[in-house]
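As annotated by Swiss-Prot, substrate binding site applies to ARG106, ASP143, with the evidence given as sequence analysis.
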Amino acid sequence: MSSLIKEIEEAWQIKDKLFQDSSKLITLKKTLNDIIESLNQGTIRVCEKKENSWEVNEWVKKAILLYFITTESQLYNNNYNSWYDKVAPKFSADTDKNIFKEAAIRKVPGAVVRTGTYIAKNVVIMPSFINIGAYIDEGTMIDTWATIGSCAQIGKNCHISGGTGIGGVLEPLQAKPVIIEDNCFIGARSEIAEGVIVEEGAVISMGVFIGSSTKIIYRDTGEIIYGRIPAYSVVVPGVLPAKEAGKPGLYCVVIIKQVDKATRAKVSINDLLR
């Protein structure tokens, strides 16, 4: 792995001169294709949790960006659409059906998944868009018209509801993508962006918008936090009243309750939100 990282780092330093040496470019393209395939298989990830902290593998982001630089756009076709892109689809008409059967993946018409994404077992993909570098773990549902940004990380047994936007990020290199940990529910038409981390078991109501500067308020205590939804929190949209009379309030999100793991497993989402 260290030699692979070294090759990417060296190529990154001369990314503006890559086309000046054709033999090195051929070697680099093979390496980049291998990395993209490793992303497809989930053996390499853009972001990993180590000792309770999420860390970005910047060299993987660099590899993806180098892949864009060194790959020419081409025309792609399927039975009902055509497009012109540098990034191939992960699945095509030539994909062996046994790949889907063995992994128990269900992908319906209108779902766009770019290569360089990991789709684990028992994932259901409704008409949606999943960008390069994303990681979708086992048993998760990506519902209709959801968008999963580049490098976003989605955990096990999550439900990403219809029309939801999960932000990704390739640049700046050190920036984390949005991370949705295991067993989370993200309500319809919500938007989670700018590297926000939604910790395990959290429930996000419909129509909640969270970025890095969004105030996240504990209703019981008034404490304000940013950039992180604590584990097993139940979150709804809210308004923080202005201190001065007659001034407009500002949007915020409110943690209305926190439940333990056992309660989260037993109680329906609708009951938690009520």
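Just so it is clear, glycine is given a Cβ too, placed from its N, Cα and C backbone atoms.
Within 10 Å of the C-beta of ASP143 (substrate binding site) we count 18 further C-beta atoms, all protein chains included.
Sequence-distant contacts of ARG106 (substrate binding site), defined as residues of its own chain at least six apart whose C-beta falls under 8 angstroms from its C-beta, comprise PHE100, VAL123, VAL124, ILE125. DSSP assigns ASP143 (substrate binding site) to coil, not to a helix or a strand.
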